[in-house]
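For reference, Swiss-Prot has these:
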{"type": "ACT_SITE", "residues": "307", "note": "active site, 4-aspartylphosphate intermediate"}
{"type": "BINDING", "residues": "344, 348, 377, 378, 379, 380, 381, 382, 383, 384, 395", "note": "ATP binding site"}
{"type": "BINDING", "residues": "518, 522", "note": "Mg(2+) binding site"}
{"type": "TRANSMEM", "residues": "34-54", "note": "transmembrane segment"}
{"type": "TRANSMEM", "residues": "62-82", "note": "transmembrane segment"}
{"type": "TRANSMEM", "residues": "219-239", "note": "transmembrane segment"}
{"type": "TRANSMEM", "residues": "254-274", "note": "transmembrane segment"}
{"type": "TRANSMEM", "residues": "588-608", "note": "transmembrane segment"}
{"type": "TRANSMEM", "residues": "616-636", "note": "transmembrane segment"}
{"type": "TRANSMEM", "residues": "656-676", "note": "transmembrane segment"}
């Protein structure tokens, strides 16, 4: 992936975010964040009080009140800036995608076949079901399915990957995306969406996040913050009559400052930015999430369903051994296996030819000179081979060869059954070779488990995540590979129905399930899974069923998706812990200062020995504003993430963000108080 990464504080983004922060000062924008709306009202109230004091309409220190008012407005601006900067980064990423959209014309065919009469129409007028022709050099005008032809397609504008991909009719590689370019040949495409509903349109809308809905956890946290704010609002409101009864009423400006320092403004100001940044980080991994809900669900996932091929193993099975049947020498088996594989262009077939050459110096023969009939592999027969000089040689799965032998009046040897089981237990795939009705032996095809994958699964296990390998292999082979890879469980001989049933079973147990898929047959399971990552190279049905799309089409990305989701949840939790711990420290600064005149005994709480009541209150308000700015990078980048158990993670966060939240305000408020005193500002 080569998509350009944005700097955290890109100058143009910062300038734009500052402008947006000022625009967000209007009440319509502010009421969406209840905590910051209280600060906004406090800012407005203290501004009015400052003006009244300056005009002589009210008694009091107009300069002090104006300073408090100014820093309260700055607090609101900083919170707006954090959200605007996160949104600006997402919009910048969306703008790079908008550059892919081009106003162009399309050749709309009157009949669904190559060579039919074509009408030139604007691409944005194409409707679902329309048939278009695209040739080398053309931009594909719509999302759709290839119904005829095959071509090399440059998808770098969407995926960031420069290597072209093949798109052709039939199978799982028939889906094309509007905005990509044909490099060679031609395609006849049936449009699958209406204007404004293309994959690119959805990507842009999702990335911009203009209509980003709050996730369930975000709503729950917002309710908690509102509850805390109401409690502190009521507590602060009752303080005025107490102080008035004591003979020295506390000013409204001080009460507003006290309220703002008590309520959780830090997390209140950063909450939206954390959510927007989570989706932005997902895009940085080249994964498009349909909503923040999908990203959040990724953080709560506790079961991963992983395809064996390409995710756990390298996916290119290689012939590793010839195991002859009783009474057959290994060279005879190798010669027959090589002959049966001469026309087999699959990686497995080529590896059989090469292994026979390496073991017994059996040179690859000229296919044309053999005057033989080659039998291709089909899904029905599940075997392939060659007919040459009255010899009928076949290689294939155990069941297919067994049926072939019995159909030709032969008997499948018991010793070969044992050898098949032995190969399967070692994690390899057995292919049986037969000549006529005589079974010659077994070829072991070994799929290599990816390096480091066992360690990654161990990390996931530490985090309480169960890993389940999905494979079409038989149970013996699946069990051996599962043991080698270190997964917790496996589903062998998997079918779409079996996958769907397994997901429902885990969900019935109260678990959240994540999986990947690329084919139409994966669509039901993708639709059922809590986190469903569809491959961009997959079918349209798979992409529509999933709630995320991996532009790199890398099944291993599912593990990274879970990490990003957990990092977002950890960031939100860590900053909430820091914010609430912050408030405890601010009590010691502002409460003694606010009520020292009325209740001198409260001076015992002035453990920071701040210069004066005015400097203490102003220092706390200034710190309350500045801490939001200092935490913006953490909100956007996310807290440092390490795979740990839930209890270990909780202890770590309490030490770092709980204790840090207690200590930092003591230091910060004291330093600000000293600076105000030295500069003679209080």
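These residue numbers are counts, starting from 1, taken along the chain as shown.
Cβ atoms here come from the backbone N, Cα and C positions, even for glycine.
Taken residue by residue with DSSP, residue 518 (Mg(2+) binding site) is part of neither helix nor strand, so it is coil.
Across the fold, the C-alpha of residue 518 (Mg(2+) binding site) and the C-alpha of residue 395 (ATP binding site) stand 29 Å from each other.
Residue 522 (Mg(2+) binding site) sits 25 Å from residue 383 (ATP binding site), taking the C-alpha atoms as the reference points. It is 25 Å from the Cα atom of residue 344 (ATP binding site) to that of residue 307 (active site, 4-aspartylphosphate intermediate). Rounded to a whole number, the distance between the Cα atoms of residue 383 (ATP binding site) and residue 307 (active site, 4-aspartylphosphate intermediate) is 24 Å. Same-chain residues at least 6 positions away in sequence with a Cβ under 8 Å from that of residue 383 (ATP binding site) are, in sequence order, 375, 377, 394, 395, 396, 397, 400, 401, 404. DSSP assigns residue 307 (active site, 4-aspartylphosphate intermediate) to a strand in the three-state reduction. Under 8 Å from some Cβ of the transmembrane segment (62-82) lie the Cβ atoms of residues 17-18, 20-22, 24-25, 29-30, 33, 36, 39-40, 42-43, 46-47, 49-50, 53-54, 251, 253, 256-257, 260, 265, 268-270, 272-273, 614, 617-618, 621-622, 624-626, 628-629, 632, 635, 681-682, all in the same chain and six or more residues away from its ends. Remark: residue 381 (ATP binding site) has 375, 396, 400 as non-local neighbours, by Cβ distance under 8 Å and separation of at least 6 in sequence.
Within 10 Å of its Cβ, the residue among the binding-site residues 344, 518, 522 with the fewest other Cβ atoms is 344. If you draw a 10 Å sphere around the CB of the residue listed as 'active site, 4-aspartylphosphate intermediate', it holds 23 other CB atoms from the protein chains shown.
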